[in-house]
Amino acid sequence: LTGIPGLQHLHLWMSFPFCILYLVTLAGNSTLLCLIKADPSLHLPMFLFLSMLAVTDLLMSTSIIPKMLGIFWFRSTAISLDACLTQMYFVHTLSMMESGLLVAMAFDRYVAICNPLRYLSILTSPMVAAIGLSTLLRAVVFMSPLTSQILRLPLCSPAVVDHSYCEHMAMLNLACGNAAFSHTYILSVATYVVSFDSLLIAISYAFVLRAVLSLSSPRACKKAFSTCGSHLCVMAFFYIPGLLSMYMERYHQELPPHIQVLLADFYLLIPPAFNPLIYGIRTKQIRDGARRVISRRR
């Protein structure tokens with residue numbers, strides 16, 4: 001692994017913001033999980049989905065950043081093929097799980113605001129578990145063929161991946177055989193997931209905003225726009241750079257490689273750091289739950 005191609009001389013300086021992002025991700029998501037577990041009033045579908053998202057964010061960041069920091073700090077660029085394929089599988093599977101959970105959380109907000117009286121009857125514990133399991137199964141079904149396809153392709157030497165982690169498109173650049181099917185498959189899956197999930201999220205928030213705009217309270221409308229806007233911004237930062245990085249890797253070889261690598265890094269590292277803030281600390285129930293837990297400890 002080369003790290004960030006063309007910017008190796010800046011690796012040491014770039015390691016600090018990456019390290020800070022990882023520490024914020026660990027602290028924010030771990031605190032959120034402990035808080036939801038400690039306060040029984042937070043054992044609601046919304047916060048169960050948030051717990052799933054926090055676990056996914058922790059695993060996704062941990063599968064990337066420690067090795068990345070090893071490259072930046074110690075020039076530990078070597079990685080075995082098995083470890084590289086394992087990292088690639090977990091990174092892409094977890095990122096697809098994250099997308100599915102964002103859809104689930106948007107659906108949860110739709111039910112809570114548009115059908116509040118039926119909220120707990122629709123999102124029962126078995127239903128929440130089924131939705132969580134379906135996001136996992138979808139990710140496994142779509143991502144497992146990627147690893148098997150690379151295993152069947154002969155890899156050329158030198159085995160140098162021009163990336164900071166084992167990203168699928170960068171791995172395919174090492175293939176000596178015809179990798180056209182693999183390229184088409186990953187781009188098709190990525191486009192489908194981003195388009196389909198983004199559409200479902202947009203529809204859910206459109207219904208939410210329509211319901212809120214029917215209220216007479218300007219304060220409620222302002223709060224709803226603020227909440228939905230922050231949610232959509234962090235989602236856009238997850239979807240747009242991820243899809244762009246794949247298309248740039250495939251079709252825009254003349255662009256500086258560090259641009260594609262940084263885009264691929266940002267879409268996996270920034271949302272996990274900001275999700276606890278956007279979905280957690282800004283939520284009144286989370287703040288009230290934190291006060292209750294702290295008061296009980298005292």
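Quick reminder: no glycine exception, Cβ is built from N, Cα and C everywhere.
According to TrEMBL, the feature domain 'G-protein coupled receptors family 1 profile' maps to 28-279. According to TrEMBL, the feature transmembrane segment maps to 12-35, 47-69, 89-107, 119-141, 189-212, 224-247, 259-281.
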Sequence-remote partners of the transmembrane segment (259-281) [C-beta within less than 8 Å, at least six residues beyond its ends]: 4-5, 18, 21-22, 24-25, 28-29, 31-32, 50, 53-54, 57-58, 60-61, 64-65, 68, 91, 95, 98, 105, 162-165, 167, 230-231, 234-235, 237-242, 244-245, 248-249, 252, 287
Of 12-35, 89-107, 119-141, 189-212, 224-247, whichever stretch has the most CB pairs under 8 A to the transmembrane segment (47-69): 12-35
Intrachain residues whose Cβ lies under 8 Å of the transmembrane segment (224-247), provided they are six or more past its termini: 95, 98-99, 102, 106, 167, 169, 186-187, 190-191, 194, 197-198, 201, 205, 208-209, 212, 260-261, 263-264, 266-268, 270-271, 274-275, 278-279, 282
Contact set, same chain, for the transmembrane segment (189-212): CB under 8 Å, 6 or more residues outside the stretch: 96, 99-100, 102-103, 106-107, 109-110, 113-114, 142-143, 220-221, 224-225, 228, 231-232, 235, 239, 242-243, 246
